[in-house]
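Enquirer: My questions will all concern the structure given below.
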Amino acid sequence: MAGKKVLIVYAHQEPKSFNGSLKKVAVEELSKQGCTVTVSDLYSMNFEPRATRNDITGAPSNPDVFSYGIETHEAYKKKALTSDIFEEQRKVQEADLVIFQFPLYWFSVPAILKGWMDRVLCRGFAFDIPGFYDSGFLKGKLALLSLTTGGTAEMYTKDGVSGDFRYFLWPLQHGTLHFCGFKVLAPQISFGLDVSSEEERKVMLASWAQRLKSIWKEEPIHCTPPWYFQE
């Protein structure tokens with residue numbers, strides 16, 4: 001949709017990977033719609049994933065005992081976070097939609113993407129207490145997880161060996177994105193890359209491109225325990 005801004009937070013080491021292809025499809029399709037698309041390619045940026053004292057410029061508010069959450073909150077208010085954090089926060093603030101593109105690692109995100117979430121979505125910028133979930137500071141924005149798995153779709157069902165995929169998405173979609181106020185769209189999961197044929201991969205890419213054509217018309221999922229755990 002013309003005028004919309006999209007941030008793609010991309011976490012894969014190899015540009016020629018299937019994740020790279022999914023990212024490329026998203027950039028091309030959304031650009032065709034007139035969207036402004038920005039990509040944070042975390043590996044090529046050498047993005048620092050560690051949450052440390054070095055994220056704060058100047059003296060800490062408590063020089064005796066360091067608390068990352070407290071210190072980054074204070075630093076955000078004083079504009080004393082490092083430039084790489086502020087730059088990513090600027091991208092998020094400007095975006096109408098944030099797409100996270102990554103391979104599933106141990107039922108979660110790669111460490112570099114976890115570090116992005118830890119450092120960028122700090123208190124004061126993304127949330128406060130009170131000021132979370134539906135009152136989170138990123139309310140009004142959309143977020144979407146686009147991920148790939150080695151295992152097949154059958155493995156990630158309620159009766160499958162890995163359990164329903166909704167279970168492992170709970171911490172990411174509800175505990176992180178919804179907590180910060182995002183409206184969360186249904187995930188785009190490309191299953192079974194370890195066993196998929198070239199033709200099957202082409203179908204996955206085409207399906208992603210087709211979905212993106214109407215992405216702005218989608219309704220967000222219900223970020224509640226019943227949706228995730230089928231209560």
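Heads up, the Cβ atoms here are built off N, Cα and C, so glycines get one too.
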Enquirer: Which single residue out of Cys122, Cys223 does Swiss-Prot record at the Zn(2+) site shared with His174, His178?
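Expert: Zn(2+) site check in Swiss-Prot: besides His174, His178, the record includes Cys223 out of Cys122, Cys223.
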Enquirer: Among the recorded positions listed here (Thr149, Ser197), identify the one with the smallest other-Cβ count within 10 Å.
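Expert: Fewest other Cβ atoms within 10 Å, among the recorded positions Thr149, Ser197, is found for Ser197.
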Enquirer: With a radius of 8 angstroms around the mean position of the C-beta atoms of His174, His178, Cys223, what other residues of the same chain does the Zn(2+) site pick up?
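Expert: Going along the sequence, the neighbours appear as Tyr133, Trp170, Gln173, Gly175, Leu177, Phe179, Val184, Thr224.
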Enquirer: Please tell me which one of the recorded positions listed here (Phe127, His174, His178, Ser197, Cys223) sits closest to Thr149 (FAD binding site), measuring Cα to Cα?
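Expert: Given the candidates Phe127, His174, His178, Ser197, Cys223, the nearest one is Ser197.
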